[in-house]
Amino acid sequence: MMTAVSQMSVPSSRILLDVDCRVCEDHSSGKHYSIFSCDGCAGFFKRSIRRHRQYVCKNKGSPSEGQCKVDKTHRNQCRACRLRKCLEIGMNKDAVQHERGPRNSSLRRQQMMFDHGSSPNSPEMGSESDAIILPTSSMNRDTVAGTAARIFFALVGFCQNPLNGVPKERQMTMFQQNWAALLVLHATETRAITSKQIRTETISGSSEQRNAVANAFEIIERLQLDNREYMMLKHFTMWRDTPSAIQIVFQLASIQNFTHRTEPTRYIQCINAIAAIPTTSIIDVLFRPSIGSASMPRLIQDMFKPPQQPTPTSLFPMANFNLNFLLKQEKTETEEGEDIEEEDDATSSNQFDENSSTDDRSVGELDPVQLFLALNSSTQPSSASSPSSSRPRHSIRSITELLSIQEEESVNVEEV
């Protein structure tokens, strides 16, 4: 009888009643792949990664694609969104790939009992992937900060898709103004970061800052918004300073009148709760471990900055040194050719005027493209010249020859 009772109590001893699964909010059974989760979500994640599953959201093609609710009741309805949430909260794919054998291996069980000095019923045994065990405070801090960072980078893509027709500078300004509100909405929608975590886990920021952020999360969590409401609130947040916000307000009012008639301040509570959080508090509480002393506005500016294109000057490292000499050579040849036919003389005069205006500027101020064009036009015969003038305007055929001529002239000047 005693044996039967102990066997029946084995499964319940692994359940942590005070720690929720980060994926579906059911009771967790310990850390799986670096995250507190239940056996169901841990097993789903392991199978998906090992078999390289490619899921498709059940709402594909609709505005709510990729926004399916994942909780204890709905966790089996959309595998794509369940796997996405597992990755968003920080489940480690590498831990799945490097597992050392099957879960029920008796040899592995005995080895772990010997290494950790614990019974097979301890919560640590439920964590099949914790090859590296970090201190609790460090793990929690990294988890919250890492999750916030992943959400932040996901929001950049979320904002850029509907803003394709908006200039980059305007995109950056809109994201600078609204990223904090969007992050709170996305974190509460996916339950990737909760008010309970912010209050209980060891994270950065002062106690006042943590309470302010946790209070806002708590208010939004109590409203229990659905996916459609979250989506519309995100779009309202992003477009609130544009005429498009008016249409979104009408849609929210319609939802409130038909679905939440008894909650006339439902969306006002959400908007006010987000507005009450200083952006500096969100940065200090959720991002300071990730970005250190870096400036968040500067980080956003760098993310929206277009990639720099290589300049043509990199192809001609000696061009800046030789341009002035090349232009002076043009001037000398033009003066020596005063007895050439009138048509040819006019052409040379025009070319001299153009080059002399360029010579008045310093080489460092020239545009790289103009520099490239100047070199090409100076090393080829003029197509406008008369047929009688068959010789090239100068005999320089390469940068190497140009350098040698320049050295000879410098020697002659020194002798004089």
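Residue numbering: from 1, along the chain as shown.
In case you wondered, yes, glycine gets a Cβ from its N, Cα and C as well.
According to Swiss-Prot, the feature zinc finger maps to residues 57-86, out of the candidate ranges 57-86, 87-116. Look at the zinc finger (21-41): DSSP puts its residues at 3 helix, 6 strand, 12 coil.
On the 0 to 100 pLDDT scale, the DNA-binding region (18-98) averages 85 in the predicted structure.
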